[in-house]
């Protein structure tokens, strides 16, 4: 099978993974803002997410000769390696819960802050665990200052969200007063529902605003609220942050669980049974993630959370609006996770957590596509710049701490 063995190859995997994992959230956010139910979107997403794991396992996991010490993917499926399989499945479960939570957090908090806060929590907890699980192959004197920078980014992210919420409240209050005085923009709530068409020119350009209200204005905020599937006006700031912190805690557990599944640091396998390869682990990991996602989202069709509209399985099957984007998002996420784990197996999972820099990519999409932070206060811009700066420094430090697994 193909294995990444060099530090350079591991870093290349991390960088490609970073772009993929930072892009798929923008696609799901696009669909939610255009009114597609999150239950429908996540069901589509999870299908191709599993498909990516199967493709990776049957290609990279089967390349080359199979040896007793390093069996290929199909050989490992019949071996007595259930303790490691259970660790992989646990990792898939917490990743599913984290991804599902962020789908709702993006609506309340936005792509940028959700990504930075959840990823920083992931690094603070998960990277520390991986450092000890990997027998300290990463350079502690470099690694832990980077973890400290991530912790600062968490704090700044919470303040950015609070400041941006205050800015939006001011815009809406001023808009309301202008309307009372007869100055407001007409027709904010009377516009057509967007027609989903993955090939249409403006699908990714107009940020979900069919009538081109200017980014950052009160009219734009109202248009987004009218079309989106998850209504957020009037909801507490702490709902979004609470969901985000929960997602971060879930994310912090999946990489250590994957690490335990592939390297068996707790010696749970019987003598003579080879460790799971990264590809076999990823297959079990993604399979259980798929099972949990299906159970939860099929339940949410009939018993939705956070006041999302009810639906049905029949309605889901007939909902082709935006399905192409949701399927693409699952594929990007699956391939991004595979590359992260391939790099982690070579250079240490603590260093591979550098892909948690994905909010840098998500912030780009959030500002360009969805108008996040447009026309905000100078205070918000200063805090946002500080958050992204600390995040960038933290990622660079984390990559510099890369070691090499013996």
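Placement of Cβ uses the backbone N, Cα and C atoms for every residue, glycine included.
Just so it is clear, the model here is predicted, and its values are computed rather than measured.
Annotation comment: TrEMBL describes 6-30 (among others) as transmembrane segment.
Taken from TrEMBL, the feature transmembrane segment covers 42-61 (among others).
As annotated by TrEMBL, transmembrane segment applies to 81-100 (among others).
Away from its own ends, the transmembrane segment (107-130) comes close to residues 22, 25-26, 29, 32, 98, 143-144, 146-147, 150-151, 153-154, 156-158, 160-161, 164, 228-230, 232, 235, 239-241, 243-245, 247-249, 251-256, 259, 344, 348-350, 353, 356-359, 362-363, 365-367, 370, 372-373, 384, 387-388, 391, 394, 398 of its chain (Cβ-Cβ under 8 Å, at least six residues beyond either end). Look at TrEMBL and you will find 107-130 (among others) tagged as transmembrane segment.
What TrEMBL lists as transmembrane segment is 142-161 (among others).
What TrEMBL records for 238-261 (among others) is transmembrane segment. Same-chain residues lying 6 or more positions outside the transmembrane segment (238-261) and placing a CB less than 8 Å from one of its CB atoms are 84-85, 87-88, 90-92, 94-95, 97-99, 101-102, 104-105, 107-109, 113-114, 117-126, 129-130, 133-134, 154, 158, 161, 232, 276, 281-282, 284-285, 306, 341, 344, 349, 352-353.
Taken from TrEMBL, the feature transmembrane segment applies to 281-303 (among others).
Marked as transmembrane segment by TrEMBL: 324-343 (among others). If you look at the transmembrane segment (324-343), the same-chain residues 6 or more away from its ends with a CB under 8 A from one of its CBs are 3-4, 9-14, 16-21, 23-25, 27-28, 30-31, 36, 40-42, 44-53, 56, 60, 95, 99, 196, 198, 203, 258, 262, 278, 281-282, 286, 351-352, 355.
Among the features that TrEMBL reports, transmembrane segment is placed at 349-369 (among others).
What TrEMBL records for 381-400 (among others) is transmembrane segment. For the transmembrane segment (381-400), same-chain residues at least 6 beyond its ends with a Cβ under 8 Å from one of its own Cβ atoms are 11, 14, 112-113, 116, 119-120, 123, 127, 139, 142-143, 145-147, 149-150, 152-153, 156-157, 159-160, 163, 350-351, 353-354, 356-357, 359-360, 363, 373.
Counting Cβ pairs closer than 8 Å to the transmembrane segment (281-303), the top stretch among 42-61, 81-100, 142-161 is 81-100.
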